[in-house]
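So that you can see what the record holds, here are the features copied from Swiss-Prot:
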- PHE22, SER56, MET57, GLU58, ALA80, VAL81, ILE82, PHE113: 5-amino-6-(D-ribitylamino)uracil binding site (BINDING)
- GLU85, THR86, ARG127: (2S)-2-hydroxy-3-oxobutyl phosphate binding site (BINDING)
- HIS88: active site, proton donor (ACT_SITE)
Amino acid sequence: MKVIQGDYRGEGLKIAVVVPRFNDLVTSKLLEGALDGLKRHGVSDENITVVRIPGSMEAIYTLKKLLDLNVHDAIIVLGAVIRGETYHFNVVANEIGKAVAQFNMTSDIPIVFGVLTTDTLEQALNRAGAKSGNKGFEAAMVAIEMANLRKRLRRDVFESDSNGR
């Protein structure tokens, strides 16, 4: 049996992080967590691209453009969508989630969903490092693992195909 999986070695990986300015109290902490995770695991500053955008909906356009560039090993999208009194929360949360899923099905570059969807600001802050760990850090770990998995899948599938299996 062959088991293929990624690891947490970030050396040489190029990672983009897309982060909105909206809800900056939360998203800045998510970004800090993501950058901490990437750097702790060997991703160098020169291989990290941070793209600041106005809000979470703008991530869809930005992700498409980053995918078109085809220079990153993985892309992290961060954000904080906090429920309010209108339907806007549902629209934003659903559309960004659907877009990330669609891009992951149709592109070769893994996109990691690090967008918080919470009922309250307190819940968002807790998930951005106050109590429940930092989801930005967790997204960085997933990005490194998936970037390495992508490389291994390419290598192992290519080697298998080359050997006639």
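Using N, Cα and C of the backbone, Cβ positions are placed for all residues, glycine too.
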>> Among residues GLU85, THR86, ARG127 annotated as binding (2S)-2-hydroxy-3-oxobutyl phosphate, what is the maximum Cα-Cα distance? Answer in Å.
In response: 23
> Near GLU85 ((2S)-2-hydroxy-3-oxobutyl phosphate binding site), how many other Cβ atoms are within 10 Å of its Cβ?
Replying inline: 6
> So for THR86 ((2S)-2-hydroxy-3-oxobutyl phosphate binding site), how many other CB atoms are inside 10 Å of its CB?
Replying inline: 8
> Taking Cα atoms as reference points, which of the binding-site residues PHE22, MET57, ALA80, PHE113, ARG127 is nearest to the residue listed as 'active site, proton donor'?
Replying inline: MET57
>> Distance check, please: Cα of PHE113 (5-amino-6-(D-ribitylamino)uracil binding site) against Cα of ARG127 ((2S)-2-hydroxy-3-oxobutyl phosphate binding site), rounded to an integer number of angstrom.
In response: 14
>> Please list, in sequence order, the residues in the chain of ARG127 ((2S)-2-hydroxy-3-oxobutyl phosphate binding site) that are at least six apart in sequence and whose C-beta is under 8 Å away from its C-beta.
In response: LEU116, THR118, GLY133, ASN134, LYS135
>> Rounded to a whole angstrom, what is the C-alpha distance between GLU58 (5-amino-6-(D-ribitylamino)uracil binding site) and THR86 ((2S)-2-hydroxy-3-oxobutyl phosphate binding site)?
In response: 19
> For PHE22 (5-amino-6-(D-ribitylamino)uracil binding site), which residues of its chain lie six or more apart in sequence with Cβ-Cβ distance below 8 Å?
Replying inline: PRO54, GLY55, SER56, GLY79, ALA80
